Amino acid sequence: MTELFICEDNPAIAKQITAHAANVIEENQLDFSIKLTTSNPTTLLNIVKSSKEPGVYFLDIDLGSNVMNGLELAQKIRELDPRGFIIFITSDTEKFQHTFKYKIEALDYIVKQDTDNLERRLLECLTTIISRNPSSNEQSQFSIKDGTRIITEKYKNILFFEVSSKVHKIKMHSLTKQAEFYGSLKDVETELLKHNFFRCHQSYLINLTNVKEVDVKNRFVYMINGQKCEVSYRALTELKKMMKQN
């Protein structure tokens, strides 16, 4: 789970950003957690020093600290966490240009006064991070975009995908949720082939890690939660071979 850090010296704005970020994470089931909200840059840096994974940092560019401003804080964070994601919170968009001088490589900026679009901007930032961050996306979880929502699920929790009764839709079954999304089973198969998934039928893509039993006679595969999927004659031989390897 990727950790979020918020450093903002205005208590009201800090509280607002923290609350909106929590809403975005919960409503879209994103694999993020808010680790810290603070006005003290030293407190934040001490935690970054001991962190082993890339973080996400929402920093007040106008940080009113006697120790350092937001740009200086970002520069120190970049030294400690070169793969982290920095988003500036600012009341003056022109100040974002100064980030190039400090060679910070910030992901984006959010305008403090634009409260009506705050959650949308937060979601856009986190969605971009999911697509770019290998540690949170490439090797651990599957992401579904449903309109303005992003639904994620760890590969290890997914049971199977099946063709939905709704046209052009796929249904994902996991240990924690079910979700439908537009797409083709072929595209999902291509994406998940290297993650131990197998196309056992034209309508089913199963996670071999979560298979409990294969009923060869009746051509069904039973998942660890008791759900079953059909197996085609053509896929049966290959399925038996792959199960022996798991």
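Quick reminder: no glycine exception, Cβ is built from N, Cα and C everywhere.
Here the structure is a predicted model, which means the values were calculated and not measured.
Features as listed in TrEMBL:
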- 3-127: domain 'Response regulatory' (DOMAIN)
- ASP60: 4-aspartylphosphate (MOD_RES)
- 142-245: domain 'HTH LytTR-type' (DOMAIN)
#### Entry: Secondary structure content of the domain 'HTH LytTR-type' (142-245), with strand meaning DSSP E or B
30 helix, 49 strand, 25 coil
### Query
According to DSSP, how is the domain 'Response regulatory' (3-127) divided among helix, strand and coil residues?
60 helix, 27 strand, 38 coil
### Query
If you draw a 10 Å sphere around the Cβ of ASP60 (4-aspartylphosphate), how many other Cβ atoms fall inside it, taking every protein chain shown into account?
25
